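Enquirer: OK, TrEMBL features for this one:
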COMPBIAS  456-468  compositional bias 'Polar residues'
COMPBIAS  472-489  compositional bias 'Basic and acidic residues'
REGION    1-53  region 'Disordered'
REGION    442-489  region 'Disordered'
TRANSMEM  65-92  transmembrane segment
TRANSMEM  112-132  transmembrane segment
TRANSMEM  144-164  transmembrane segment
TRANSMEM  176-195  transmembrane segment
TRANSMEM  254-274  transmembrane segment
TRANSMEM  286-308  transmembrane segment
TRANSMEM  320-341  transmembrane segment
TRANSMEM  347-366  transmembrane segment
TRANSMEM  378-401  transmembrane segment
TRANSMEM  407-432  transmembrane segment
């Protein structure tokens, strides 16, 4: 009986062990479907890794593959979002006439649109900022090229949207044009659908059944409020780079310079069409100026991205960016010469060339100042800081136009504002680089003094003993035991 019971118990234990091992084999099948290969598959040569997950669990950028699809989607998103506020100049005069508004009041329309685009809360921001952030995770080695190519989206929008807006304005008026342009902007949803996160598929387990007893409503409310407050504080620490603004001096200087730059960087694009039409230029020609600006950006930005991705320009992105920003600021003074089509054509070409370099390197310089894991938070804080100056820039320009009755004062002030921000960035980063070089030079260990050479001229090998070789006369005097122990060279 004991043996039978023992055999029965052993059999039950074996069956129990087999049943307990069965669930452990199931995850291996799921891992196989999730592109995590088995050791047998590696031995058989079935290695098809498409998962960018490294062995230590970190995610590596593919620098290609699906990243090209994300790059195309980012180009379209930037074409539909960043370039759209610049097209408001086509409808500027109609809005001012329709609502009997001054320049200051009318300028709030593009300023609020541009400000909210950078500050967050609404559709443009939910399309623009995630697209730029996701693109930075897909490209590391080719990041400068990817950022330059994505910035061509703004040029593509500047090239096509003014012509489309002018045609719609002629056929449908400003109200019908806004309806059609709103339908065009829905394509951002399609672009967002192809932006999938990096990493392998996540397998979620079965949902747990909550068997805890019901609590009182007051305790539930307090717990929810605590959780909401804790989540809010965690989100602020994670997604708002206030620590970088306080501790990272390079990021602080860059953020201050870009925020000051945005006070006058976008304003000329808003007032270019009203300035041209106020001097008896046809609206179709004024819209053509914006299209030419977009064409210049499309042609120049890809070569600029390839050029500055070369190792020769490593560490010089900030100075090239500052120099291009200085040229961009000074180009606004060309409009003060005359409002004829040839002069404004020269202006948009010069402005477009410098704008191409600025747009290609803006995000690259930001990525160079900090770690890529903090880039989304740094970009979000920088966008909020930019939104303040983007909001007040056009209304201040409108006040200037209302009081002086001339548009060229706007371009003059914008020229001084952008040029001063360029000088600030150039001087600040030069001072920081010089300080870092001094600190690095002070941390270098002084070279060690070589040991003194031996007094004799012969280079003796250490740990070897040498004796003088006896002459023929000495051999007869020396004993046999001593001569047999002579070291030969």
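Numbering starts at 1 and runs along the chain as displayed.
Using the three backbone atoms N, Cα and C, a Cβ is placed for every residue, glycine included.
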Enquirer: I need to check the long-range neighbours of the transmembrane segment (254-274): which residues 6 or more away from its ends have a CB within less than 8 Å of a CB in the stretch?
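Expert: Cβ under 8 Å, 6 or more out: 85-86, 88-90, 92-93, 107, 110, 114, 245, 283, 286-287, 289-290, 293, 325, 328-329, 332, 335, 344, 348, 351, 362, 365-366, 369, 381-382, 385-386, 388-390, 392-394, 397, 401, 407, 410-411, 413-418, 420-422, 424-425, 428.
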Enquirer: Does the transmembrane segment (407-432) come near the transmembrane segment (320-341), with 3+ Cβ pairs under 8 Å (pairs 6 or more apart)?
Expert: yes
Enquirer: When you scan the chain for residues with a C-beta under 8 Å from the transmembrane segment (347-366), skipping those not six or more beyond its ends, what do you find?
Expert: 132, 136, 143-144, 147-148, 151, 154-155, 251, 254, 258, 268, 272, 289-290, 292-297, 300-301, 304-305, 308, 317-318, 320-321, 324-325, 327-328, 331-332, 334-335, 375, 378-379, 382
Enquirer: Return the stretch with the most CB pairs under 8 A relative to the transmembrane segment (286-308), choosing among 65-92, 176-195, 320-341, 378-401.
Expert: 65-92
Enquirer: Mind checking which residues of the chain, 6+ beyond the ends of the transmembrane segment (176-195), have their Cβ under 8 Å from one of its Cβ atoms?
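Expert: That would be 69-70, 73-74, 76-77, 80-81, 84, 91, 123, 127, 130-131, 134, 161, 164-165, 168-169.
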